[in-house]
Amino acid sequence: MSTDNKQSLPAITLAAIGVVYGDIGTSPLYTLRECLSGQFGFGVERDAVFGFLSLIFWLLIFVVSIKYLTFVMRADNAGEGGILTLMSLAGRNTSARTTSMLVIMGLIGGSFFYGEVVITPAISVMSAIEGLEIVAPQLDTWIVPLSIIVLTLLFMIQKHGTAMVGKLFAPIMLTWFLILAGLGLRSIIANPEVLHALNPMWAVHFFLEYKTVSFIALGAVVLSITGGEVLYADMGHFGKFSIRLAWFTVVLPSLTLNYFGQGALLLKNPEAIKNPFFLLAPDWALIPLLIIAALATVIASQAVISGVFSLTRQAVRLGYLSPMRIIHTSEMESGQIYIPFVNWMLYVAVVIVIVSFEHSSNLAAAYGIAVTGTMVLTSILSTTVARQNWHWNKYFVALILIAFLCVDIPLFTANLDKLLSGGWLPLSLGTVMFIVMTTWKSERFRLLRRMHEHGNSLEAMIASLEKSPPVRVPGTAVYMSRAINVIPFALMHNLKHNKVLHERVILLTLRTEDAPYVHNVRRVQIEQLSPTFWRVVASYGWRETPNVEEVFHRCGLEGLSCRMMETSFFMSHESLILGKRPWYLRLRGKLYLLLQRNALRAPDQFEIPPNRVIELGTQVEI
């Protein structure tokens, strides 16, 4: 490691604490309270407290430390992570049928994220604001309005970017974790007996004593590890080493101390179960703690919102969601983006959730199903990568998968008990997103196949035009083409109706590669097809936004001079009608038509000046 890297490591690690660990770092606000609140039939008693603490600690070790930080984070695509990245990696060296199954798993995992993300900001901010019940019980009626006000301000600042306030995230979250550790240590010193719960036998004893009830209670324990998937998704921003270093040096010790501190408090004062986190603090510290807790939950919510923006952009670029307006809020950091439609849809959903559920305890009942479902899918996809891409021994990989599923499946099954009490919400939202993504992908493929099934050979058409050219007019024409070897619809219709062709014709294809970024050296490939025809293929990664002006600049560097304001861009505009279909495919077709009508137009996607665009319409039956 270079000196520069050594000097920057503390800064990167601090930044990772500020962004990556917001969700899991605010879990102590509500996790132990939900475990011991009485909903599972046992109260605050020694065996239950020790059992839950042991389960929480060893889940943090096994799921976060071993599974995600040690194993899953090995699977990266040019340093990037996330469930869709894992899906892409897993499908590289498998058969077509297996790849299809892996794609479905990846899309379900991505859809689950959309379902869970509606709950995370609501439960985080509400659990912090609920500290008012301890500070000033008469203000408890203000919890819902204040939660909505805080989140409204958060969603409103998204369009301005978070670069400025983002600099404060790291020191605030570091302060938060130090407070977690300090409060917990203070309580543990007063009752060190609680440290016996570090022994995993207490978790075993918990299952043996409480039997079926203990299994159902796993639905509350899982609240302690929500946010684990974010570690993998944010790997590209901070790097594996920084995320691991932050976890083992700051986050894990702080969480452990705080959970065990809450346990020590409950052993001495069972009545503290109404809010064990805030009751850890002395009276004089309650208001400052309430403020820092609110800030920490806002930061956790911001991390989730940014994650939704990133996942949406990746899904759009990979062709699973319709094109939509994506705004870059930072000239320095390509990952800082703002998607207005997603932002305000998420805001409306979060407000509805807060008003409907009214208390974080009610929201906890809806939390966990999507998280644990994603955990199961991550285990399957990551072990597939280990076998197919890393060529690990199949028996060793099978043992790893069995070990992961022995934890993931019980957690997921236990959370199914929440289905009627709120778990239906993330599942419903996830199902809607899965239908939307699969509909857009499959119907888009159907449309392209329909448009080009009777197409002639591109090479034959160019040869014919060069041999018997139509009237040529001065200038350059660019025809956008979705596929490399097919004749653009706009070109055929221009020849059919206008019977003219520009002196120079460029067939431009913008391609998304299976990588987050494409090096500038490989950005543009130029091929001269004839004296007057050129093919330009511009490649972009799924974390990049295509820009035609940049493509023209690259073409100029390679000898094909193009000027944006002297070029005409011909594009086809399809008017779609539904053909004869079974009723269920007809419903899917209607959904696709709705998505198509609201999709961002190509000139806006690629930042082409509107006065240089000529759209030629055609009717296509799908």
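Here the Cβ of each residue, glycine as well, is placed from N, Cα and C on the backbone.
The feature transmembrane segment, as given by Swiss-Prot for the ranges 9-29, 471-491, 576-596, sits at 9-29. Against the transmembrane segment (419-439), stretch 103-123 shows more Cβ pairs under 8 Å than any other of 103-123, 137-157, 165-185, 213-233, 363-383. For the transmembrane segment (363-383), same-chain residues at least 6 beyond its ends with a Cβ under 8 Å from one of its own Cβ atoms are 30, 34, 63, 67, 71-72, 75, 83, 86-87, 89-90, 102, 105-106, 108-109, 112-113, 115-116, 119, 122-123, 126, 219-220, 222-223, 225-226, 228-229, 232, 353, 357, 397, 400-401, 404-405, 408-409, 411-412, 415-416, 418-419, 421-427, 430.
Most Cβ pairs under 8 A with the transmembrane segment (103-123) among the ranges 9-29, 49-69, 276-296, 337-357 are made by 337-357. Here the transmembrane segment (137-157) sits apart from the transmembrane segment (9-29); fewer than 3 CB pairs are under 8 Å, leaving out pairs fewer than 6 apart in sequence. For the transmembrane segment (213-233), the partner stretch with the most Cβ pairs below 8 Å, chosen from 9-29, 49-69, 165-185, 247-267, is 49-69.
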